[in-house]
Amino acid sequence: MRYNQLSYIPTSLETAVAELQALGFAVQQEQAPKESFAIFLRKLFFHFQDTDYPLSHMIATKELDLLSFLASDEALTKEVFDLVALQVLGFIPAVDFTDTQDFIQKIGFPIVFDSQQLLLNLHQLLATRQKSGVTLIDSLVSQGLLPMDNCYHYFNGKALATFDTTSLIREVVYVEAPLDTDQDGQLDLIKVNIIRPKASTAIPSMMTASPYHQGINETANDKKLHRMEGELSPKAPRRITVEPTDFQPLATKPSRLPVNECQETFSHISSYTLNDYFLARGFANLYVSGVGTAGSTGFMTSGDYAQIESFKAVIDWLNGRATAYTSHKRDYQIKADWSNGLVATTGKSYLGTMSTGLATTGVDGLAVIIAEAAISSWYDYYRENGLVCSPGGYPGEDLDVLTELTYSRNLLPGDYLRHNDHYQQLLSQQSQALERQSGNYNQFWHDRNYLPQADHIKCEVVYTHGLQDWNVKPRQVYNIFNALPDGLGKHLFLHHGEHVYMHNWQSIDFREAMNALLCQKMLGQNNGFTLPTIIWQDNQKEQTWKELTAFGGHSKRQIALGEDHVLIDNHYGEEDFKRYSKDFRAFKAELFEGKANQAVIDILLEEDLPINGQACLKLKLKSSENKGILSAQLLDYGKKKRFADIPAILELDSIDNGQQFAREALKELPFKDSPYRVVTKGVLNLQHRSNLLTIEDIPNDQWMTITFHLQPTIYHMAKGDTLRVVLYTTDFEHTIRDNSNYALTLDLEQSYLLIPTDEEE
């Protein structure tokens, strides 16, 4: 374990003492340091009437157990404090470490002992994570240090788990959205599952906008998958134009219906453990699936502003601007009189995507979005540079396939009976509008691009994204983060995992940092917390995070690619083509081994290379036909320690998100030997060699110069490392599988690689 403590808020001695005393630690500024230390330690063992017993099982020095030390005349030194603090945090001498000071250095222990400031040290110790992944104070509260009295209690600017999760209110309401997406003449109703603690004051909400949450139709999804094998068709040259998105919600009016209490409850809904964490700390949890999902009405419009409006309506209801009904009969309305109107949105992938879309509406009441692996442009999810480009791991998926997956109204037989025929008509229109045959950007995709609306965002923004996420690729967060308005509170966590959550990792106190931020923004805590702009996981060191100021360096380093002409054949023999089409992982493995149709350029680095941004290939090439796909990958090549891209479980159920509530596993990305690592990649239709909106002819056997931007990343390579450039045509994971007989020729002498770096110019 290594500490990267973001969440601790430096405080005054007076505040520290007051907070310690409020928790029952009977310390005083006038006490001798050793006396305060003893009082603090004995309080940790509040389950014991005889606290001598647990103290006797700890050590203070190599010669003295802790109980004997406290009774002795020995002084409290840094060595003693550090050794005892480590044990309090769950580290075991002679098991986890032998030399205390070496271990303190190794793990980046965040507390610097000062006998004159011991109470500040003890205050920070309570706010420091244990080996198990929870802070010491959260561990104590989970054991019953404070009662579950349904009142807010804070420590170091963060809410504690004092809300009773054994007696929660679970209710369902139906919010009226200003939409009629299924064209039935009635405004769409949106089902909202609410879980909230019993509180005497108005409380904020965590909202997860999840089209998956009311069920998914995998059978319909699988039937709708598109065939990847086919021939890349040349496109007529033209300039693509689109109009600004012009979504207009329908008119609504305040309801005059009588107000009633909830008429529908539920016992269980799958939850997100970050929401559970906040539920125990006095935040309501709302799960909303939006239009076209089971329990709601409407059509699944998949990514456009109509879908986003269905989630926005819920925030409007929480603030008294929209109507909710107790049932589909629409005969009683229900008020969110428990809500303080402030909302934070959470969730990964599609869920985080809806957070971004919501933020671009500028809706009042949305205080913070915590958007993980979020899409900012749906074109860039299902297309790339004029090509159909399946998200990593899901060849054949497209937006209409996702519609089939998430249109969970068809999982209700009555809804299927009444609405499926009309749904199929709307789905057919959607399938035509996405222009799978051409791969072009068009109005359909522009209406699902949130980047042009980024200047409307006014809430605090937190993004997390994996730099090995080839499902929702890094360009999604790169573009939205760099499009955010100046002066906005914005924060980005970049890790080296794939499409994964990171709130339960050992090496970073993400959960606690979000607690401090949300208490500041949603509970009026003037805690002085400041979250860095960019927190990046250092790819060269285990469990190490660094603060950066920008995603995208201003300096460029030009790297030559060679002197030869190289030929890349597109066509494979029938056996190989079938094998690769059946299992794209076999293609990837052989590509990285140099066994596919490809050009490989190995570059031995003569100095460190700190990549930050979009690497760019400047290439001179020609195609033997009037079409062509160019795919590229950059690899950190050669055996050495690197991060795996899926977090491993370190300890099951070690994280308690409340008081014996919603336990989850502690995880971390393994750091282990590997033969190579993908640094970045990309695909390009050569007819879009100038830009996305310009389609150009490809003249047979005539040289072209292209600019090819790869996915952005932040990745540091060291002097002596090998940067491998892999160039090829068809990518069996992502692109159309075109096995036609054409080839690309590259003039490497007239080509180069341009690397953005975070070096100062």
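Each residue, glycine too, has its Cβ placed from N, Cα and C.
Swiss-Prot annotations:
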type	residues	note
ACT_SITE	Ser349	active site, charge relay system
ACT_SITE	Asp469	active site, charge relay system
ACT_SITE	His499	active site, charge relay system
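Reduced to three states, the DSSP call for Asp469 (active site, charge relay system) is coil.
Compared over the active-site residues Ser349, Asp469, His499, the count of CB atoms lying within 10 A of a residue's CB peaks at Asp469. Put simply, His499 (active site, charge relay system) is 8 Å from Ser349 (active site, charge relay system) when counted between their Cα atoms. Cα to Cα, Asp469 (active site, charge relay system) and His499 (active site, charge relay system) are separated by 5 Å.
DSSP assigns His499 (active site, charge relay system) to coil in the three-state reduction, outside any helix or strand.
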